[in-house]
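Per TrEMBL, these features apply:
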| type | residues | note |
| --- | --- | --- |
| SIGNAL | B:1-34 | signal peptide |
| BINDING | B:Ser64, B:Ser92, B:Val195, B:Tyr213 | molybdate binding site |
Amino acid sequence: MISPHDKSAAVADTLTGGPRRRRVRNGASRGVPLPLLVPALAGLAFLLLPLIALLVRAPWSSLPEQLTSAEVWQALRLSLVCATAATALSLVVGVPLAWLLARTDFPGRGLVRALVTLPLVLPPVVGGVALLLALGRNGVVGQWLDSWFGITLPFTTAGVIVAETFVAMPFLVISVEGTLRAADPRYEEAATTLGASRFTAFRRITLPLIMPGIAAGSVLAWARALGEFGATITFAGNFPGRTQTMPLAVYLALQNDPAAAIALSLVLLAVSIAVLAGLRDRWMTAS
Amino acid sequence: MTRSARRTHRTLRLTGAGVVALLALSACSSSDSASGADSAGSGSSASASSPKLSGTVTVFAAASLKESFTTLGKEFEKKHPGTKVTFNFAGSDALAASITGGAPADVFAAASPKTMAIVTDAENAAGAPATFVRNQLEIATLPGNPHQVSSLKDVTKPGLKVVLCDKEVPCGAAAQKALDASRLKLTPVSYEQDVKAALTKVELKEADAAVVYQTDVQAAGDKVEGVEFPESADAVNDYPIVQLKDAPNAGAAKAFIALVQSPEGQQVLTEAGFLKP
Amino acid sequence: MTEASPPRLDTVAAGDAGLDARLVVERGPFRLDVTLAVAPGDVVALLGPNGAGKTTALRALAGLTPLTGGHLRLDGTSLDRTPPESRPVGVVFQDYLLFPHLSALDNVAFGPRCRGATKAEARAQAAEWLDRMDLADHASAKPRRLSGGQAQRVALARALATGPRLLLLDEPLAALDARTRLEVRAQLRRHLAGFEAVAVLVTHDPLDAMVLADRLVVIEHGRIVQEGTPADIARHPRTDYIAQLVGLNLYRGLADGHTVRLDKGPDITTTELLSGPAFVAFPPSAVTLYRERPAGSSARNLWRCEVAGLETHGDQIRADLTGELPLAADVTTVAAAELDLHTGAAVWATVKATQTHAYPA
């Protein structure tokens, strides 16, 4: 994928107020020192090389055939819908959580912060198993969901969204929390002295101020959700049209037909790049 | 503990290893042909009659072979001191893909002739593959079989949450074959990426039943209950094994295959639920 | 002056108008304990060195820092337990804290909007405030497009737009350059003079304090060390900090007639007749320096000193002296050259009794 860290740093720049364009121009006119340039180019090459290899070995002749397959579009649509829903879900609960971590002080906050980032280090398959144990039909909470509301998450599209949210939300929380920490909390105080409740201050002052960080976090979360494989296949299973997202389709295609897998990967890649580039342009011009 | 004492010790060991290696080299040419033909049937005497083996032998094996091959690997190391068996257990298709992609392996044991064909077609195999075991499908149900599944037809009952392996992997293909043979139509809740994943869903009680291999049911112990079904006879799966052409440790590869095919090896595999070829 | 009606308060008892507060804030080893009583229409400046607790006092008044003791009454209503958003208090922050994503107009309209005005009402009020501050042309400008002086006025308008009964200003001029500062100080003085409720400003600049405030409250180490009119404080400083601020040499001792015997050091002869603890003060310009002991000088106040440091002070040179009596002396550049002043030079310093000023401590 396109390196997400670059992006978050760039968006965060605009937040801290540094006029971004000017900075870029300065860097260019002064020249980039070699000890930075060489590793930077090496890093870029390292990230791009696998993508280039994918392009070089792509079965271009069979690509049209892949693209016209209904199953591919079904998986792609499901991927986009689920990743977007997971991002939305992450926003709804993740932004308040980030605020809580950044702006309030409560015992054990450090521990909570570490726990929030746990899904980042957890192998996604383990995350999927953990989700099954928690929200599965027989899970700690899932059994009550099932017996009280008749809700079962595994093997459903909702399950895909839950699995993707679990894996993607930490990216959003960390990104937003970092932005919140960098943002001056005194703006909230100023709003308070003008009669704003703490929530109004958050909604009308803090939220617009940290928007670039939220945007960056959403992009990270969305990208992560889109590529999610392990937790999804473990928790939600694999059924075309319902839970088979693109990464699952790619994985299974890889078993017997690597060419098809490469073609599918290219489709996923092209769509995500198009979406990310589009969003980024919009945000950059808006700020 | 003095450092010099330890170093001396290590030096001695190294020298020993060198001697073994030299012996192996000298023995190689003379008894190379013999070891392949001799299927190591003489059990404990195998190590005495076969050439001195050393180094690491890398075995790529289907995930369903994990338990039995791990046991055999230890056995092999015991028989041939100085050797080490390294396993790569995964879906046969993924393994085949790595091998054709140039992964350095000595032995490939697949869960289906179809996946083996990927390797032989790419001319990565040394010689023809041999079927060393067969595996039969079985229905894994929740402990106590609460839904009273007794046949493949029962699995198609509405309301039952069933998981199958994906058609792309051998157990899925076999299950589909059995269903087709008995003209049954089954819509599972999920097509799992491999047989272990399918079984896990039943172990965690997320699914009511899964069509998996007998060996997997056996390995799961009392976490699932196996139900045999006659239609499985239509979809018995052959497991072929082969030495790879670019095997870095050809001698050890041959010896390992011989062990798998020996009565001793077959016993370990049968205990795990495999059928003899 | 305010158009916006202040939020409704509980009954305002006549005679209780204004601010009546004892602010106690304890934070670790630091303790602030300051009593303030300010009548409506008065401007009080809290003056003190960095870390004295001025800003803490201001934050306590605004409700941003909770009191650990004391009380806070505004126009007869206790605000001890009132959260900041419900206090009839307006704050101009040190660096203004204008919301960067809102236009000047929306910054000013924010308060009225939060206090219940409709969007249109709030904007109309805000427009009026900006007009009054001569900022009508900049209503749609984002804060980063405003000059320092303009931003300061927007911040003032924003604080006043809610119709506060207590206006707090934290270092209102500190963020401005010297030239703008002069201009803005004059404007601020006009606006404060027109403000009919209580205004409290915090500053470490004595000039700002003296120009803007009717009364100064000097805080050091969390306590009030002196309060009074600017003129009174300038004439009778009671701590080294204040003496330095107003540019005086200040000593404390025991007076006996025309002599004040310093706690540590020599006697100083004065013209005032006093007895008991007393301060003696004299400006650096009253000091005359000699390289040789002045023969036949009638000055009683003659001390042997050594130059510890020299710095330019306007068109004068200020000599920092140690020795019998530590003091600051101002000499002209020419005199400094003639005396060949340099660090370490031995000098004699005299001050005429008529140029000293003694007052009871």
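Our numbering is plain: 1 for the first residue shown, then up by one each step along the chain.
Glycine is treated like the rest: Cβ placed from N, Cα and C.
Sequence features, as recorded in TrEMBL, placed on the structure.
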residue	record	DSSP class
B:Ser64	molybdate binding site	helix
B:Ser92	molybdate binding site	helix
B:Val195	molybdate binding site	helix
B:Tyr213	molybdate binding site	strand
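Across the residues annotated as binding molybdate (B:Ser64, B:Ser92, B:Val195, B:Tyr213), the widest Cα-Cα separation comes to 14 Å. Listed in sequence order, the residues B:Ala62, B:Ala63, B:Leu65, B:Ala111, B:Asn135, B:Val169, B:Pro170, B:Cys171, B:Asp194, B:Lys196, B:Val212, B:Thr215, B:Asp216, B:Asn237 complete the 8 Å Cβ shell around the molybdate site centroid, once B:Ser64, B:Ser92, B:Val195, B:Tyr213 themselves are left out. Sequence-distant neighbours of B:Ser64 (molybdate binding site): residues of the same chain at least 6 apart with a C-beta under 8 Å from its C-beta are B:Ala111, B:Asn135, B:Cys171, B:Val195, B:Lys196, B:Tyr213, B:Thr215, B:Asp216. B:Val195 (molybdate binding site) has a Cβ environment of 30 other Cβ atoms inside 10 Å. Other Cβ atoms within 10 Å of the Cβ of B:Tyr213 (molybdate binding site) number 30 in total over all chains.
Residues near B:Ser92 (molybdate binding site) in space but far in sequence (CB under 8 A, at least 6 apart, same chain), listed by position: B:Ala62, B:Ala63, B:Ala110, B:Ala111, B:Ser112, B:Thr115, B:Met116, B:Val169, B:Pro170.
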